[in-house]
Structures are given as structure tokens and as C-alpha cells.
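Copied from Swiss-Prot, the annotated features are:
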- Asp47, Ile48, Asp99: Mg(2+) 2 binding site (BINDING)
- Asp47, Asp99: Mg(2+) 1 binding site (BINDING)
- Lys95, Val167, Arg176, Met337: hydrogencarbonate binding site (BINDING)
- 42-179: domain 'Guanylate cyclase 1' (DOMAIN)
- 293-418: domain 'Guanylate cyclase 2' (DOMAIN)
Amino acid sequence: MNTRKEELQDRAIVRIAAHLPDLIVYGDFSPQRPSVDYFDGVLMFVDISGFTAMTEKFSTAMYMDRGAEQLVEILNYYISAIVEKVLIFGGDILKFAGDALLALWKVERKQLKNIITVVIKCSLEIHGLFGTQESEEGLDIRVKIGLAAGHISMLVFGDETRNHFLVIGQAVDDVRLAQNMARMNDVILSPNCWQLCDRSMIEIERIPDQRAVKVNFLKPPPSFNFDEFFNKCMTFMDYYPSGDHKNLLRLACMLESDPDLELSLQKYVMESILKQIDDKQLRGYLSELRPVTIVFVNLMFQDQNKAEVIGSAIQDACVHISSVLKVFRGQINKVFMFDKGCSFLCVFGFPGEKAPDEVTHALESAVDIFDFCSQVHKIHTVSIGVASGIVFCGIVGHTVRHEYTVIGQKVNIAARMMMYYPGIVTCDSVTYNGSNLPPYFFKELPKKLMKGVGDSGPVYQCLGLNEKVMFGMAYLTCNRNEGYPLLGRDKEIKYFMCTMKEFLMSNCSRVLMYEGLSGFGKSRILMEIEYLAQGENHRTIAIALTKVSFHQNFYTIQILMANVLGLDTCKHYKERQTNLQNKVKTLLDEKFHCLLNDIFHVQFPISREISKMSTFRKQKQLEALFMKILEQTVKEERIIFIIDEAQFVDYASWIFMEKLIRTVPIFIIMSLSPFTEIPCAAASAIMKNRNTTYVTLGAVQPNDIRNKVCLDLNVSSIPKELDLYLVEGSCGIPFYCEELVKNLDHHRVLVFQQMETEEKTKVTWNNLFKNFIKPTEEFKMSGLGNEEGTEEICKLASGVRLKNLSPPASLKEISLVQLDSMSLSHQMLVRCAAIIGLTFTTELLFEILPCWNMKMMIKALATLVESNIFDCFRDGKDLRLALKQNAASFEVHNRSLSLQPTEGIAHGEEEELRELESEVIECHIIRFCKPMMQKTAYELWLKDQKKAMHLKCARFLEENAHRCDHCRSGDFIPYHHFTVDIRLNTLDMDTIKKMATSHGFETEEEIKISRAGIPKNSELFSENLSPEEIGERILGFFDVILTKMKTSKEDIIPLESCQCEEILEIVILPLAQHFLALGENNKALYYFLEITSAYLTLGDNYMAYMYLNEGERLLKTLKKEKSWSQTFESATFYSLKGQVCFNMGQMVLAKKMLRKALKLLNRIFPYNLISLFLHTHMEKNRHFHYVTQQAQESSPPGKKRLAHLYQQTACFSLLWQIYSLNYFFHHKYYGHLAAMMELNTALETQNDFQIIKAYLDYAMYHHLAGYQGVWFKYEVKAMEQIFNLPLKGEGIEIVAYVAGKLSYIKLMMGYLDLAIELGARAHKMWALLQNPNQHYVVLCRLSKSLFLKNRYKHLIQMLRRLWDLSVAEGHIISKAFFYLVCLDIMLYSGFVYRTFEECLEFIIQNEDNRILKFQSGLLLGLYSSIAIWYGRLQEWDNFYVFSNRAKTLVSRRTPTILYYDGVSRYMEGQVLQLQKQIEEQSETAQDSGVELLKSLESLVAQNTTGPVFYPRLYHLMAYICILMGDGQNCDLFLNTALKLSEIQGNVLEKCWLNMSKEWWYSNCTLTEDQWLHTILSLPAWEKIVSGKVNIHDVQKNKFLMRVNILDNPF
């Protein structure tokens, strides 16, 4: 039975009937319109307060999760309760109007007395519902009820597509008046109702000076049985459910199918509702908080109450209103009698109906409706209120009776303006500002205090939309601000400068057209051009058109000529007339002067000839006259005519301009939005003219967006997070950027404060990334920054999550216009894509699209790519490349395009779409062009639908949420998924096998791979070989492996390179967000930790930090649920925090985090010396145990144990490096213990890779500490371990890793020849293994070794490879290192590979790159090198700029070769500064010298500074000594440096040392600009290769450090 009932209730007719009252559903009406029906009844008007305030609260909410749906739930919770009461008591809900409803009890007149009692009982029970409740949102919901009874008329009216009905009569007026009198929780009876009711049953209270009364309560006699009374009353109600249907709320729920009835009922329902009823996919689609424009029309009549009298007037008005709205996609939402009149609530921008220029169209419609209705007989006053903004549009009510309605402050404002400003068209300030119409179309009205809307801002009267020629008012709309430059538009201005030059030098016309969408800053460009175009021999005329200009014949030329003739400054028509007479007397006979009357608003007497002339002839005469005037004018001065919004140029003006540019030399500059329809022939001819330059505007680049934000906010820097949000969200469109900033400011997200000095702030995790992005250099040089000392910075308010912010209403509107212009199926695709995220794969989209086939999807995607909704990319690399730059402006060659045959064009379009389809098939990554579209489309979903879609996405993505096949599909955090149960899908055996092998469990087959030709370790290290021989054998082993890799037929080498970065971006990042949306916090945390680990692998410390913060938020919420897995997650969390701090050079913080992680992993690291020695003793025993037991096979640890061990190894590996950085003697014991604990933990894992890494780390620790015997032993152990590995997959990677790591150790220790040999082999291996992340590291180190050996040929080869790799992979660190070596070559090798300017440009462009900025060492080296360059040139201002930037990075100490390389350069810069101080005989020179010497000595004394840096450091120490007159120590340091260079084979330093030695002790003096002469003569590498320059001569191009011992003041 229930199923049958559900089926019935799901019928289309039942769903339509739910939108209509029984009065219509069961009505019997004549087909003529208007038609009138009469009856008696009781009316109840219920007004619910609190909803508008709630709608406002939701519509201005910051975050996307507070959507329409939550609002619908709250609204309908209350309204459905009221509806239910009304239906139970036999009422019929006639209308819902926003937050009010009107109900009717239709009965014969004699039944009114009893029915009024029933209605009063119903009213009191409704009040009872709200007496005690308070909404969950903390809003007080209260109701006011008015009751009336008597004669009622019903009027049905409409056109052939849509019907409306109204109830009219005294009772309708009375019920509204009664409700108006009511206060909260009152029930008021109208005078007539009080007259007709059973007074004995009702206790009332009189209202002073009123005939209406207030009901206190019902007072039935003791014997009264209400149920019996009620049942008796209901027998008089025609459609009250009884008998079999007595349990139903409404009889209409059981309507049988009836096509005729269905057809007639459909006419009463809005088209969008019918669409939703037909298409079940769209359920819930119409409930939205969305920006709309409300047009409230009120008609007052001479004879108010007679339906038959006013019916025809309402019918005429309705037909006209409908026809006007249809043109602009507006809809009549409601019609009702309202305070002495009939009101139409019209809405523009309903779901599916959003159109561009909505506000303009609404005003245009309002004026049209006003003009028409004012002429209709019997209508004596027309008042219209127009307001724009966000309102709630949605279905409100109960499942059995509801309506589509709009609720919000803007609806109230429009209604109030309509009532308080009768007889005119009014609009609010939002509509005024958004109309893009000239101000003279409006007049600001005096403010009135309007009930219920508070201060709604200024109110304007719309005076009409006929363009009046207000001379001097059509100027450009924006004003140029001297202090506000045009940012990021140099290329566009260049087009103007070139065209201007051509125009001034030639005698023919030029046209420059800038085409761009709204918001691209076209008006700003023209404003700048107007300023630049000012000159002595030419006149500039600049005008801005509006939408209305298009409909005014010859308007553009009218304004141009008024300016040329100087009429724009005339105050009065007589002044204009005199001016015109003087200008045209020689060109035009006096009797023809009256031709100018209409066009220039003058009053010359009309001659007989002109009165006989046809309009066409008059126009031709005028055009001829204007042409003569312009020909005459250009002989005296050139004319530059600038037109903004040129898409609104009228047809006649285009024709004249086309003729004009052929006849008269004139320069026309236009900006225009893309034409919506094909432009007229004249406009096309201008675009195709050979002298036209047509530029399509591109977006502004990220750097300029940042500069713009700093300028708009008047700050010196903004947070990195804000920078990323604005760059991504604005897509380089200036208007988008402004709106986003306004929105943030509105929500108080931006906090401004004085800039703190670097020293003041103590480093904590929260301020670890003092990531303030400053404007670019060029911007600062333009002198627009703040004055020194008063610099303010912008910060984000705490706890703000930018990516969850709701888009600003203005941008939402733009997206909705685009969405609503699509077909329903395309809308559905975009909305589904929005759930997946900003970037998604075609596979996942196909998975979640309901009932689509692949062909349909590809076709739809191609169309959406063509209309710039989506971009498609072949792979992650293409995507990353595209995101770095925005599309720039470009020139369109319309002339060459026009030469194609027309049928070819149509064919070309089809061909283009086909090509796009095949491109989409090839590209599997799709991304929204604009993030705002994704956010807007996402917000349209209902909560349950969202959840279901997120779940689908999560299930699909989860299968691929691991490392790529190249990296053997493991977790980014080893064995992570074994410790935490997070999967939705149950694992199949294949997946488990795959994941197990990824962590180094070889299968039998893998071990049996042929190892022929590879020596066994017994063969390698059998006898007592010398270190040199062992070295040779090791190199031989690597050569054998390389040969095997190149020639083996087995699949040793992977088929493709590492795809982990792509998997991170398109699988794991979205998956974490899906779990977050599903409220699965533990799963989201798991993936946030994976993401962090992945970003650390990719060298992106900033993103790792951001996602750790996301994880921290979740950890706090999960802390309440104590479980073991959370302990592991916490440990991993601190371990990852430690890694980020370590990479950022914040060692105190890193140590704290790593200790916390170890504590959670049950491996406490000692805090005091007693505990230290105890632990050391234990670890030594443990090590001895592992070494002796190694021969015996013991069972490997379980997976969960392995997860712990891997984390412990990572922590210990960082800890020993941190302790090695410290000078205090006891720290070396801590360092040694950490290194040993790492080794023992690795041995426990029984994993070859872990053991080998630990052996090499242990060797490295002893290398740096200077224990020769120990390090050698462990390097040999590591080698022995790799001989036993299977040469496949991970085995080969371990071999490559060992070669690279040994090469690094040898470079640090200064064994340059061995470093090069090992590095070359490692480079070849990683190249074959296609692992760019490892490959670039080896190439960088190899380049460094070759550079120190002066092996330039090989060096340049490696640099080329490094460059190719950096370009192919879009890899910033390898590119930065490339430029670092290029600077080195110029500074120390004496030739040029890439120019200094190119290197400097790279640094300026990329210093804010998030990977480079937070990578310790590289930027320090680059800044220091530039500082050295300027220091050598004695350009001290530039030196200080870069030296100070380097200084801020020195404190980020990390024990890496890059950091020490950077520090040694920084010290060199400081030494040059010291030399300047000594020369200037500065008082602080002596102290500075001593301080510098100490710093250099401590660097040499530090364990972690590799010996490879000693020669340079001793060289600098020697220079300081000679500057300070300490010859003895100078000799000592010089000789030490020379000796070390000799031992290491450091040819570069040795050569420079010898030159310094010779120079310092000679009597020669140095010219001031010696380095300038040197750099001017630096040869390019090409000259050296071609033999034009001898390589030995090049070595003399070294900087000679200036000394002047004779004048030494010390």
C-alpha cells in the first residue's frame, strides 16, 4: 500500500499540484482572460519574523559550507509546521510570499461563524509552536496572525503561456490590515470577522481607536467537545481528506493522472519549476543563495475593490510585463494584492536564467513597464522598486504544499522603495553602481526612514534610458591617479607607442583596438593612453560609451564632432550656436545651418529647402559637412580619438568611421568587449583594414597581481598564502583581484600592523615561514613603496582558511551567468567536475557522471574547453608550466583571417571542434580555467548529493593513492597503511602484493636474475688492498653495472620517469579534500601526512608546512579519540615537522620536534650526560649484537614495526647532523649516539636500502669528525652490502644512490678526482633510471667538482644537461643552481657562459618562488654572488641591497654543501666591505676585521663545513690579515690554503691564490676600476670553443683583491 502511495505522490501532476492551492487544483475556470469567481470564506495571514535576518546571515557567510541548504532546512522546519497546522485544520494555503503565507477556508456564508472558531483555534496552536522554541542559529522566530472573513473575489489572468491568480475584496484588504496591527504572537480579528464570529467562544482585548480586536484565548462552555465540533465543520469543506484518505494532509496528494488537468495546472507554475519536476536529476537544484535583481511593480487603481473593474487593467499590465521580462530572461515570481494595490514581484537571475548585464536589463524593463502601465486606463499610480543583491531563492513550505519564493533583505528593500517613493522608478545603490549607465540617467532622492530595512544606503530615481546628448559628460569613466601606475601592461602600451609613432610619421590613419572581457582593465589602459597621447600638435578626444549609446543613431560621431567643434565646454545653447556659426560659415550655406539643430541641440531657423529634404538626404549632408570639418581640422592638428566600450558604437557611426579612416588621417584607439553577435560590415572592414592593429588582451602576470595588491592595500608585503590565493583566484584579471581583496576586507580577514625587525621575532612553528611576499624590484624602483620607517605589512586573521572562503557575490554572478547560458547537460558536467576539485582526470569525471557515455563526455568537454570553462593538459608537467604564467596579450591578424573563403570558415570551426575533441582524448588532466567557477558550481549542490559524490570520488581515487609504478607503488611514509586502517575499499591480493614488494620484499624470481659479470664481494675485497685499489675496484663495479643497464635485455630500466608529483596533485591532494568533506577526519589526516611527505620529497618545504598545519587541525579534533594509530600519526606528524624545521635551518625547533617524535615512537633520546653515556653503552652492545648476528638469518620485523623503525631512522639521521653543527664538545657525543642509533635501527629493519643509507651516514659522520679508520670501514661495508642485491627495481636504485652519495662525501671532503669519477657514473645511472629528482642533485654536485678542477669542457656539458633537465621538468632548483654556476664562472673562471644580466633577471623573477625561497643555501649563494659582483665594481648601494638579503638567510644553518657554499660567498662579500671600511678609515674597521676573522675561523673549526671549502676560507683569512697589516698570519693562511688546494686538486683556488700571493707582495698599484675592465674583456664560451681565445689566458681574468699596505692605519 505504501509503495502505491509513494508512486502516486511522485507523479508529475501531484508534484505540480503541490505548488498550487486547492482553489486552483479543483477550480473550474472559463478559458477567457481575465476571468472572475466569487465566494465567501475566512482568510488567515501569517507573517513570520526572523527569516530575513537569517537569510542575511547566511548570504554574507564567509565559508562555503554555510549554504542555501542549511537555510532551507531551518526555514522549512518552521514553515512546514505552520503549513501542517493549517492543512490539519482544513485550510487551503493560497500563497507563500517570502516569509509570509495566506490561507483560505472557503465555505458558504452561513458556515462562517463556526469556521472562524476553527481558524482561531488553528491560529492559537500555531503560536503554541513558537512559544518556547529558539532556532539553532540563535534567531528568535515569532509569528503575527491576522484573520478576516467575508466576500472574496478571485481573478485569473495571464497570457497564452502563463496564468496567475489573485484574491481581491474587502476581506483581503482587512486581513492584511489586521496582520499589520498585530505584534509578536498576536491574533487580530478584522472588524468584519469580529462581527461574523461566535463571540461567546472568544475572549478578546480591544485595540484603542480601532474596530479590529485582539484574541486572548478561546473560552468554550464546559460541555463543549471540540473534536465533534471540528468534524462537523469539516463536512462543509469540499476537499478535506476523509474516509479512506483521512490520514492524508491533503487530498491533492492522490490526484490521478489527467493530461488535460496537468496541462492547465502547468500554466500556473514557473517554467524552471516544471523543468525540475520533469528532470529528477535536478531535484534541489533550485534552492540557492544567489545574486539576483528584484523588480517590484505596484499598480494603484481608481476603483480598488471591484475585481471585474480592475481585472482588465491587471490583465493588460500582466501581458506587457511578461513580454518585457521574457526578452531579458526575467520572471514573475508572485502577484498579490498589497497595501491598496496589486504588486508584481519580478526577479532577474533565477537559477538557469542568469544573463549578462542583468542590472541594466532590469532597469530597462522597469522603465518600459512604468511607461506602459502609466498609460493603462484605470491605473492611476505606478511605483517600481529595483534592488540587487544576494537573496534566498528556493522551494519553501511542506512536502504536500510549497512554493518557489525569494526571501532576503533586498526583496524587502525593493518593496519598501516601491511604497515609500510612489509614482516613480527607484533603485538602490548596488543597482545604481552595477548598471554601468551614466550618472545623468539617475537622480539621488532624499532619504526616508523605511520600516523594517534600517539604513539601506542612498536611493536613486531612474530618469529613463534615452541617451541625452549631455556634452562633456561622455568622458572616460575612470580617472588617472598619478600615484597609481598601470601595472603589468607594458606590452599593451608598447603597441600604442609603436602605432602612435607610425601615425605621426605617416600621412594615413591608424586604428588600434584592444579587445578583452569585462574586468581586464581596458578602461585603465585607455586612461593611460590618453595621458601618454597628450602633445602639442595633436588633440586627444576620449569618450566612454554605454549600452544605451548603441541604440542612439550617430551618437558616437555626434560626441566626436561636439568635441572637435569645442561645444563640450559651452554652457548654453546660444553659446553653442555662436560657436557653430563661426566654425561652419565657410563650409555650409546659412540656410543649411538648421541641419545641426537636432544633433547639437541648437535653434537655427528652419529653411524651406531643409523642410522638404528627406531624412536620408539630411544625414548625407551632415556626414559630408563633418568630413569637411575634420579634413580642415587635421591640417592644423592631428586628432586622436579614444573610444572606451566601443562594442556600443552605433551602426551609423561605424559606417562614418570606416569612410573617415579612408579619407582623413586620424588615429582611433578603441577598447571593446568581444562582440556577442557578428559585427556590422563597416566594423568588420575597420578590423580588417591593413592599418588596424587588433590586440586581444591577456591576463596580468602573477608578479603584477602581487604589486597591485600591495599598492591597493598600501602595505610593503603580504603573506605567501594570500599571494597564492589571489594569484590563483584572480587568474590575472584585475577586477577579480579587486573583488577578492574587497571580500577579504569585508570579512575582516586582513590585519595590518607595523613591520617587525628580523631580530625581534623569536622563531616558532607558527612563524617559521616569515613568508611575506614583497613587490618586485621594478615596482619598488618606481618609487611607489611606503616611506621608510612607516612600513605596514598585511597579515591574515588567525584561523582563517582561505581556500574554503565563499566567492564574492560579484564573481559568483559572473560564473552563474556562464553556467546558466549552458545546456542542462553541460551544467551537470560542470557541477560534477566542481565536486572533484579544481583539477581532475577525465577517468574520474566519467566515473561520477550519471548515465553518460565516453563519447558524450568528450564532446561536452571539448565544447567547454572551447568556451574557456576548462583547460586540458597532457600531463602534470604541462599543467605546472601553465600555472606559472598567465596567457599574455597577443595581436590578431583579422586581415589574413578574412582572406579565407566563407564556407572555409564554417568548415574550419567544425574542424577545430573535432581537433579539440581529439586533444581532450589525449589529455587526461582537466582544470577549471577560473577557480571561481568551480566554487560557484560546488555551492549549488545539496549536502546529501555532495556527500554521495565525494564518496564516489574517494572510492575511485583510493585505488591509486600511492607512489607511482616507477617508485614501486608504496606509501610516501613507508608502511603507513599497515599502521592505520583507513581504506574504504577492501584490499585485493594483487594490491597487497604490489605494496609489499614496494618496500623491498623481493620475490624468488627477482633474486634469480642473472648476475653474470658482477664480481662477488669476496673477489673485490679479498686481500689487503690499499684504499686506492679499493677505489678503482669500486669504480670498476659501477662501470659493470652501467654496461649491464645499457645492454641487458631484461627490464632493469623503468619505461617511464617518476610520476609521483602528478599522482600527488591529481589523486592524493583531492582525496584528502574528499575525506575532509565527508567528515572522515582520520582518513583525511592520513592523506595530509602522505601529502607532506611527498612535498618534502619534491623539495617544497612551504607546501609541506601548509599541509602539516591542515593535519594539526585534524589531530586536535582526533586527540579526543585515544587509539594506537593516532599515536603513530602523532609521531609521524612531529617527525615531518622536524624535517621541515631542519630544511629551514631552524635547528633548535627541529631538535625539539624530532625528540617528541622519538618519544612517541618509544625511542627516547637522552637529555643529560649520564643518560647519554648509558645509552651509548647500550647502543654499542646492540651494534655488536647485530654485527655478530648478521650471518644468522633472523625473521624480519612485522609491517607495523617496520613503519616505526623507518620513522626512527629518519629522526636519528637528522639528529646527528643537528648535533654536528654545534661547537660544544659534548654535542659530538650526542651526534655520535644519534648516528649509531640510526645504524642500529636500520640494521633491525633488515632492509638493504635502509642499512646502506645508515652505513653511509655513519661514514659521513666520522668523515666530518675526522675518524679516518671508521669512515673507510663503513664505506666498504656499504659497498659489500650492494654486491648482494638483485639488479632490478630497487636494487639498481640503491647502486645509483650509493654512487651519488659517495660522490657527495668525496666532494665535501675535498677528494675532487674521485668525486668526479663517482659523480659521472651516478649521473649516467640516474639518467637511465629516469629519476629527475635524484638526477639533478648529482648533476649539481658534479658541476661543482668540475668547476673546482677547471675542467671547463666537461663542466659546460653538465651545465647543458642541467639546463635541459630544468626546462623539461620545470625544475626551479636545478635552474637556480645552473645560474649560480654561471655567476661562479664569471666571478672566478674568467669567461661568460650566461650574462650577468640574465642571471640577475632570473633571481629577480624567481626570488619569491615558494620552493627556492624556502630552500636553504641556494638563494644565499645567488644573493651573495650578486653582492660580490657589485662589491668588486664598487657599486655599494647595489651591494648592500643583495648583501642584506643574503644576511637574513645566513641564520638558516643547514649542514649541506649548498649552504656552506653560500656562506663562503657571503663571507667574501663581507671581506670586500671590510676593505672599503679600511680604505675609508672607518672607526669600526678594526673590530669588523677581528669579528670577520673569528667567523671564518669558527667555520673552519666546525665539523660540518667540508674541507672542500677550507682553501677559500683560508684565502679570505689571509686577505683580512694583509688588510690589517698582519703579514705573518697572512703567510700562514696563504700557505695553508695553497697546500690544501694542492692536496685536493682544487686548480681554481690554487690559480687564484698564486695570483693573490704574487699581487699582494708586488709593488704594483691597482686602478680603481680594475674589475670593470676585467668584465668588459670577459670572453664568451663560444670564443673559447672556436679557439679565438686561449683557455690559459682566460685564467688570468681573476679579481685581484685590493691592498694598500703602505697606507694601512693599523
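Note: Cβ is positioned from N, Cα and C throughout, glycine not excepted.
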At a 10 A cut-off on CB-CB distances, which of the binding-site residues Asp47, Asp99 has the highest count? Asp99
Return the residues near Met337 (hydrogencarbonate binding site) by Cβ distance under 8 Å, restricted to its own chain and a separation of at least 6 in sequence. Leu166, Val167, Ile168, Val172, Asp173, Arg176, Ser343
Within the same chain, and leaving aside Asp47, Ile48, Asp99, name every residue whose CB is within 8 angstroms of the centroid of the CB atoms belonging to the recorded Mg(2+) 2 site, in sequence order. Val46, Ser49, Gly50, Phe51, Gly98, Ala100, Leu101, Val143, Lys144
Around the hydrogencarbonate site formed by Lys95, Val167, Arg176, Met337, list the extra residues of the same chain whose Cβ is within 8 Å of the site's Cβ centroid. Leu43, Phe45, Leu94, Leu102, Leu166, Ile168, Val172, Val175, Phe336, Phe338
Same-chain residues at least 6 apart in sequence whose Cβ lies under 8 Å from Lys95 (hydrogencarbonate binding site): Pro21, Leu101, Leu102, Lys334, Phe336, Glu403
Sparsest-packed among the binding-site residues, when each Cβ's other Cβ atoms within 10 Å are tallied, from Ile48, Val167: Ile48
With DSSP, how much of the domain 'Guanylate cyclase 1' (42-179) is helix, how much strand and how much coil, in residues? 62 helix, 45 strand, 31 coil
For the domain 'Guanylate cyclase 2' (293-418), would you mind checking the mean pLDDT of the predicted model? 91
Within 10 Å of the Cβ of Arg176 (hydrogencarbonate binding site), how many other Cβ atoms are there? 22
Taking DSSP states H, G and I as helix and E and B as strand, how many residues of the domain 'Guanylate cyclase 2' (293-418) are helix, strand and coil? 49 helix, 49 strand, 28 coil
